[in-house]
């Protein structure tokens, strides 16, 4: 079960990273058509600050919608009220960049619709990434709150000692057990990756054969769907849209528990560090 959870989070991260690279590609393409350095720096700053995947929680107190909307409105005003870029006769009608050198020239655009359409596509893609970011960070936070409430009820109903009376020896024992669980999980993942690499290497070496005792698949045949993990599904509901426009309650909760969740010795039900579960992307 832990392996499937890690595989699903890896798929979400890969998908989110692909969307991030697509946004940077659109920004670069816009700069090739309109070599304005200020617009380039503004778009890269917004994308890098709010949407690019990072190893820590990206939900801030400020909603993600307003920086993205401000970026789009500034670009729209520049397209509407300023002249289009022009290339001189010496450059044969091609733009080769401004302060940043472009070795491959772009044909001079004669219509503002192309620029506005490109800005609109970038804005919609960034909104989609923000919704995925909010929805993916909301599920682990809700699960952690449910787990904390259940543990609190068990501590009240049971005969456990108060937290003030826990000795240092018991804390050291719990930390040692958590380290052993984490080490066991890492060993299992390492063994699984080594086995997968060995199987891939064997298939690559015997790919030209029609079959082998260990691999009966033809070189271009896909494996069955049962051999893969269940595809991850992120649902975006009306609450996610509200969190996109208004202040997200999960941003405050993640900020308050950031120091606890970043600890590799924090306990959880899967044996994976809470920093991985709290920040899936």
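A Cβ is built for glycine as well, from the same backbone N, Cα and C atoms used for every other residue.
Taking Swiss-Prot as the reference, the stretch among 22-42, 148-168 described by the feature transmembrane segment is residues 22-42. Between the listed ranges 84-104, 189-209, Swiss-Prot ties the annotation transmembrane segment to 84-104.
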